[in-house]
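Take this structure first; my questions come after.
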Amino acid sequence: MDVLEVAARATGTGPVCDACLGRLVADRSFGLSNAERGSALRTSLALRDDEDYEPVETADCWVCEGRCTEFDEWAERAAEAVEDVEFATYNVGTRPPPLIEENEALLREEAGLDDDAGEPFKSEFNREVGKRFGRLTETEVSFDRPDVQFTIDLAEDEIDAKVNSTFVYGRYRKLERDIPQTEWPCRECKGSGRQGADPCDHCGGSGYLYDDSVEEYTAPVVEDVMDGTEATFHGAGREDVDALMLGTGRPFVIEVEEPRRRRVDTDRLQADINAFADGAVEVEGLRLATYDMVERVKEHDAAKRYRAEVAFDADVDADALAAAVEELEGTTVEQYTPNRVDHRRASITRERDVYEATAELDDARHAIVEIHGEGGLYIKELISGDEGRTEPSLAGLLGVGAEVTALDVVAVEGEDEPFEREEFFRE
């Protein structure tokens, strides 16, 4: 249908403002606002029909009920809602009153257009408010994961400002044993610290099995510096509570909810964390990251290197140890869920590869064993056999009982590519 005929039918329904008129043909001619399209149509229609040009005040429009005059007002209200928040990107969404949606559907019908012709009122409102907000705050629109997100409810005359999480990536070393990665609630009282009216005997009333954690040494510092409401620790797997995490450290991301600050000095933040942890934990390589880095550390396949101090139940000679280790190297191990974790892991048999294995005797009853293995390989059970649940094992190959007395993780690296990818970091 000819656009002037569309305009004639639309304006014949009553007072229609330029924006609502132009929205009917929003897919025609780029570089114009809908108000400019509508004004051009109204002018062309007057010229075609040789009639007086009669502009329509937006406040009198029966379609939007004057809402198209409010773009500036809502942009200013949005800016006020986040005036004490640091952000670089934003997005705007709108809930229009049902009557306006009904009005614009009726206008399309009267103009002889399909239901999906042109552009919805909601889309224009989002864009026009967003453009003005961007100019006011000197920030950029984002349709992916903006720093701040607004929902305008026109019927309720309300604006909701959501400040999305920010993320800090790094690697940590755990330099003391008996520190879990994250808080470990007591199984007996389920973290309440109580058994009925009395303090829980199992955890001493604290609600936790351990006093400290890597999370507690790191996340509160980041939350405080970024002035957030809560911080969550995401690790690339986790070492045993009694194991050290040394070498290159383990990748992690700390997510801070509703941060008021995003542009922080990561070198200073790193120093603050290390000072707070006081030698129990240390972090390095802190960088501002995107949400994608959370998925990366949680899902990326990782290989691990371990150093284990091993005690044998009987004397072992160097040749026998070397032969057993050589047989382990390059093999695929079958591990049924270990006894020590079967209360919290599914009872299945897992296959894991041993990439490299070396060992050196300290004396006939003690050795240092180093293993490079696939992620998810249970090292303690690879040494002990776990009552036959792991095959093959060092103990089984030697025919001698073996136990890990101290375990260190010395490297956590991506299987096929590094954890760190530049597109997952922010400036």
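From the backbone N, Cα and C atoms, a Cβ is placed for every residue, glycine too.
Pulled these features from Swiss-Prot for this protein:
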- Asp240: active site, nucleophile (ACT_SITE)
- Tyr306, Tyr378: substrate binding site (BINDING)
Please report the three-state DSSP label of Asp240 (active site, nucleophile).
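Coil, per DSSP.
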I need the CA-to-CA distance for Tyr378 (substrate binding site) versus the residue listed as 'active site, nucleophile', whole Å please.
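Cα to Cα, Tyr378 (substrate binding site) and the residue listed as 'active site, nucleophile' are separated by 10 Å.
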From the Cα of Tyr306 (substrate binding site) across to the Cα of the residue listed as 'active site, nucleophile', what is the distance in angstrom?
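On Cα coordinates alone, these residues lie 12 Å apart.
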By a simple count, how many Cβ atoms lie within 10 Å of the Cβ of Asp240 (active site, nucleophile), its own Cβ left out?
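That number is 19.
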In sequence order, which residues at least six apart in the same chain have a CB under 8 Å from the CB of Tyr306 (substrate binding site)?
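In sequence order, Glu370, Ile371, His372, Gly373, Ile379, Leu407, Asp408, Val409, Val410 meet the Cβ cut-off.
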